Each structure stands twice: as C-alpha cells, then as structure tokens.
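J.: Got a structure for you, questions after.
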Amino acid sequence: MLISADYGYLMGPSLFQIFYRLFCVNLSFVFFLLFSQSDSNASFLRAARAGNLDKVVEYLKGGIDINTCNQNGLNALHLAAKEGHVGLVQELLERGSAVDSATKKGNTALHIASLAGQAEVVKILVKEGANINAQSQNGFTPLYMAAQENHIDVVKYLLENGANQSTATEDGFTPLAVALQQGHNQAVAILLENDTKGKVRLPALHIAARKDDTKSAALLLQNDHNADVQSKMMVNRTTESGFTPLHIAAHYGNVNVATLLLNRGAAVDFTARNGITPLHVASKRGNTNMVKLLLDRGGQIDAKTRDGLTPLHCAARSGHDQVVELLLERGAPLLARTKNGLSPLHMAAQGDHVECVKHLLQHKAPVDDVTLDYLTALHVAAHCGHYRVTKLLLDKRANPNARALNGFTPLHIACKKNRIKVMELLVKYGASIQAITESGLTPIHVAAFMGHLNIVLLLLQNGASPDVTNIVTPLTSMEQRHINWRGSFKKFNLSV
C-alpha cells in the first residue's frame, strides 16, 4: 500500500523506500542475487504460487524442503494460501508444512488467506489447528486483516471459531476500529452484532446511535435524580476501541442522534485510542451535514490522529470533494502533515480524486509540496498511473523533473510502474528522459531492468540513449533478463 493506515490507512513502506530497495543498490549485486538464487527453490515456490500441484509434489519427492522460503519469508503454504489453491494447501499440510510458520513480518498462512479473502483456505487452516488469534509483528490478527479488507465470509467464520475481536494492534486498532475507519459497513455491522453477544459488549446507546434511534437514545438518557452525572457518563461511554456513541453516529451519518448526544453532553472531540475524533470519522465518510454539525459544535478542525491525519486528509483521501471544500472554507490547514510528511494534496492525488485536487490547488496548496522523502503529488500520481490528476498537476505547473530523495523523478516512477500514458504525458510536458538518479539510473535503465518493452521503445523514439551506462547499458540489462525480446531491438538497429 502506498499510504499509511492513515486514520488508519495501513502504513506500508513509503514510495521512496520501495524505489530505494529496488534501484539504489549496486546493480551488479542485484544481478548476482538474481542469478545465484537456487533455481530449484525458486521454481518450487513459483509452482506453489501457480497452484501446480503435480509440479510441487514432484519437487518434494526430489528432496526440496517443504518449508523453504523466499527472501521475505514466504513459503509454499503462504503462497498457495494467498492464491486460494485449496487442494495444494491441503496437500502441503498433509505433507508436514508447518501451519503456523511465519514470514519475516510475522504473518502466518492464516493471516495471508484472511487478507486475501480466501474463505475456503481459511477454513482448512483453522481445522488443521492454525492459531486463530496469532499476531504479526505489528499486532495484526487474521480477523483484523479480514475486517480491513471487508471479507465478510472470513470475518464471520473467524468470529464463529473463537477469534478475539478485542485484540488491538500496536497502534491501538481493533478489527472494529479498522472496519469503521475504512467504511466497511457490512464488517462493522457483523462486529457490532458480535459485540452484543460476546465479551466485548457494545453499550445500548451505541446501538441506538448506529440505528439513528432517537427515541431509544432519549429513553436511555432520560432524566433521573442524578441526571447530569449519569447522562454525561453514558453519552461518553466507549467501546473497547475507544469509540463513543458520537463516533458511531458520525460513521453512519445519523445527524438526529448526533444532535441529541451533543445536547446531552457528548464530547465533540473525544478521541479513540488512535486519536480519531468524530470529525475524522464524518470526514472520512463524506457526510457533509454531519461535518457541519460537528464543526458548528466546536469540533477541532486541525485535530490529528496518531498517524498525523487531519479531517482534511481523511476527506481528500476518500475523494469527498464537498467535504474538502467545506473544511477548506472553515480554515482547515492545507499544509498539515502525516508522520510520513503526506499533505492532503498527496492523498487526493493518490486516490485519483480530481475535484479534490482542484479544490486544494484553488485554495493555494503548493503544487510541488514534498513529503519527508521529497515526493511531490506528481510522483504519487505517476506511481499510481492516474492520468487525469497528472495532467491537472502539470497544467498547474508542477515540476515534471522534481527529484525525490533518491533522485527519482516522476518519469522514473512511471517507467518503473509501466504507466505508458502517464510517461508520454510527462515527456510531452518536458520531463527529462536523461534524468539521472543518485545511483546513476536514467528512465530507460529503469524500464529496461523491469522488462517494460513498450516503455523502452517509446523512450528510444523520444531520443533516449540506449548506450548510456551505469553498471550495464539499458539494452544489456534487458537482454540479460528478457532474452526473447532480442527481435524488438533489431528493428531499431540496436545491438546488445
């Protein structure tokens, strides 16, 4: 994933980190690793990923270690589980593959199958004794991963078989929290229903807030001899994830109940354990009326989550242009940064939200604003292949030759990701086809190394040199990795 678990978008490695690992190492060392890797181990793992049962069994009979793994710690069981190869998963388990073996990040096959929504594989793994509440290095459980991706069947099955939904990640997120944050209504409903039955009981007022049941909510908050104290205690009562009834009402856009709650003393800026306020939730959900209500009642417009997201980040990332405009009119901070230095403009660009980008630029957001890794919104749009946002940014005079911390320009990134239309657009707007990274790579080096023939040919047509050298020339790099494309070079009278 590109951007963090922002109000929780799951924080994966940054663009810079990804590109740095791929390209900012000595290419001779990369080639050494590529060609020295055990062919048999690699072929075994490829067969597992492809679901080729006969081939996998053949390798196992030939003495391959069933638990052999790649550089990330992924073994045959992990790969088969991810792709949903039910028969192969069963075969590997019967042959002794460790059901709870973990990758370098601590993910088991059950984590991986749950994240991928492979319900049948999940059932097999659980029946074979997989730890249903195993936690990865960051504290993610299989239930958390299924809830994050809205895999309803998997969520139901895991809950029915003992998954503990009160287990939180290192950042304090529970499965319910991430489902709420991602806007997965079905997963939220299932988790809330389970809350009423299991150990993590959801207070009655939260249920009323969810259903927009003002009558029930009013009865629960009715006056008695100690009305003020009791009412304020109940109205700000939290779930295990730290969500109040107002958070729940904000998620569902239930303005009537939200108004009642606020009138009875609900804290408008009450923060869940991860720093999420009701205004973050409403902005993420795109409910303009709810956002107005919370702002009118004093909601903090620059409140930040644990990851540094403001309500404007949340609205921009989700593409809610009306909420973005409302927040900007109310003075939302344009230059607010997440922990990784991402601005609302970066997030709107990443989501291909053209109208949000327009609003932000109209309110004077710097078009070449950079992250901690010196990535501009144009870098982000190029990475994602978002043509419309790329063109809008270029029309607003974004620098097509902006350099990230590792020297990568948007053109390098487009070439790496095989974004042909974006690459052509960048060249049209003046992107340098001879731009060099910190490690001496031009865009054609990157395209050749990745094997993107169409990009290579387009760069050559636009005047890129096939002979510029780093460790090897671009064409030598492509020849070494993609021998079958030799004929394509010949029509350009190029030798390798």
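Placed from the backbone N, Cα and C atoms, the Cβ positions cover glycine too.
TrEMBL: automatically predicted annotations, no manual curation.
Copied straight from TrEMBL:
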REPEAT    72-104  repeat 'ANK'
REPEAT    105-137  repeat 'ANK'
REPEAT    138-170  repeat 'ANK'
REPEAT    241-273  repeat 'ANK'
REPEAT    274-306  repeat 'ANK'
REPEAT    307-339  repeat 'ANK'
REPEAT    340-372  repeat 'ANK'
REPEAT    373-405  repeat 'ANK'
REPEAT    406-438  repeat 'ANK'
REPEAT    439-471  repeat 'ANK'
TRANSMEM  18-36  transmembrane segment
J.: For the repeat 'ANK' (373-405), what's the mean pLDDT in this predicted model?
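T.: Summarising the repeat 'ANK' (373-405) by its mean pLDDT gives 97.
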J.: How about long-range neighbours of the repeat 'ANK' (105-137): same chain, 6 or more residues beyond its ends, C-beta under 8 Å?
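T.: Distant Cβ neighbours of the repeat 'ANK' (105-137) are 72-73, 77-78, 80-86, 89-90, 93, 99, 143, 145-146, 148-149, 151, 153-154, 157-158, 161-164, 167.
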J.: So what's near the repeat 'ANK' (307-339) in sequence-distant terms, Cβ-Cβ under 8 Å and 6+ beyond its ends?
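T.: Those are 3-9, 11, 171, 183, 274-275, 277, 279-280, 282-288, 291-292, 295, 301, 345, 347-348, 350-353, 355-356, 358-360, 363-366, 369, in sequence order.
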